[in-house]
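A.B. asks: Below is the structure I would like to discuss, written out as structure tokens.
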């Protein structure tokens, strides 16, 4: 299709007449929006020019009247980094496009797009040469096939646990009936007979002297040793109240 271009009879040459608020950018030989200050230019572009016409000067890899379009994001290797998968943008520090993935997704460095990447508890997931790789988070190390929190001294271990290990890896060694990376969870308190010893009723903890869980009831309550929980227990004046096995 032949496009009609205005012809200047005085100069005997074709001329480009811009529409609207656009002006001819003599360097690019096309019509563009003008600017007054750098703030009007995106992605690190600057506003400059001569002969009374100022245009956005874009960084390499960025185009458009206001430097809005990042080529790599629009039609390059990161064209799929969008919508729910991730966000592609221009990093002013590195002067390059970057793809930031949404939660539970990581950048596959071979396919140049975000993909689901899930690993076990306390593990970080990443793609190495296109292959999904799971590794322990900082402060964790493999122990029996799972990533556990490491320690440096006994003080980091709760409920009488001690810090020890070999091969340069030290973990909390918990007493019987206590579990967790830092020996925080007392099994009997969490899911055993004293699981109801909590909140306003009482407090379940691990007694280091008896090496067993104990349930301490709050005021005006006593431990019902049949139900293994604290209950209201009121008697007459100068009387002690308790629950006995019937």
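Keep in mind that glycine also has a Cβ here, set from the backbone N, Cα and C atoms.
Checked TrEMBL, it gives:
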- 32-68: domain 'EGF-like' (DOMAIN)
- 58-67: disulfide bond (DISULFID)
- 148-184: domain 'EGF-like' (DOMAIN)
- 174-183: disulfide bond (DISULFID)
A.B. asks: Pop the mean pLDDT for the domain 'EGF-like' (32-68) in here, whole number is fine.
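C.D. replies: Value for the domain 'EGF-like' (32-68), mean pLDDT as a whole number: 93.
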A.B. asks: Against which stretches of its own chain does the domain 'EGF-like' (148-184) lie, if we need a Cβ under 8 Å and a gap of at least six residues from its ends?
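C.D. replies: For the domain 'EGF-like' (148-184), the sequence-distant neighbours (Cβ-Cβ under 8 Å, at least 6 residues beyond its ends) are 122, 139-142, 206, 208, 211-213.
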A.B. asks: Counting across all protein chains shown, how many other Cβ atoms sit within 10 Å of the Cβ of residue 58 (disulfide bond)?
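C.D. replies: Result for residue 58 (disulfide bond): 23 neighbouring Cβ atoms inside 10 Å.
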A.B. asks: Could you measure between residue 67 (disulfide bond) and residue 183 (disulfide bond) for me? Cα positions, answer in whole angstrom.
C.D. replies: 56
A.B. asks: Fill in the CA-CA distance, residue 183 (disulfide bond) to residue 58 (disulfide bond), as an integer in Å.
C.D. replies: 57
A.B. asks: What whole-number Å value do you get for the CA-CA distance of residue 174 (disulfide bond) and residue 58 (disulfide bond)?
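C.D. replies: If we compare the Cα positions of residue 174 (disulfide bond) and residue 58 (disulfide bond), the gap is 61 Å.
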A.B. asks: Treating G and I as helix alongside H, and B as strand alongside E, what does DSSP give for the domain 'EGF-like' (148-184) in helix, strand and coil?
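C.D. replies: Helix (H, G, I), strand (E, B), coil: 3 helix, 14 strand, 20 coil.
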A.B. asks: What count of other C-beta atoms do you get within 10 angstroms of the C-beta of residue 67 (disulfide bond), across all chains shown?
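C.D. replies: Taking all protein chains shown, residue 67 (disulfide bond) has 23 Cβ neighbours within 10 Å.
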A.B. asks: Do you know the DSSP helix, strand and coil residue counts for the domain 'EGF-like' (32-68)?
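C.D. replies: Once the DSSP states are binned, the domain 'EGF-like' (32-68) shows 3 helix, 14 strand, 20 coil.
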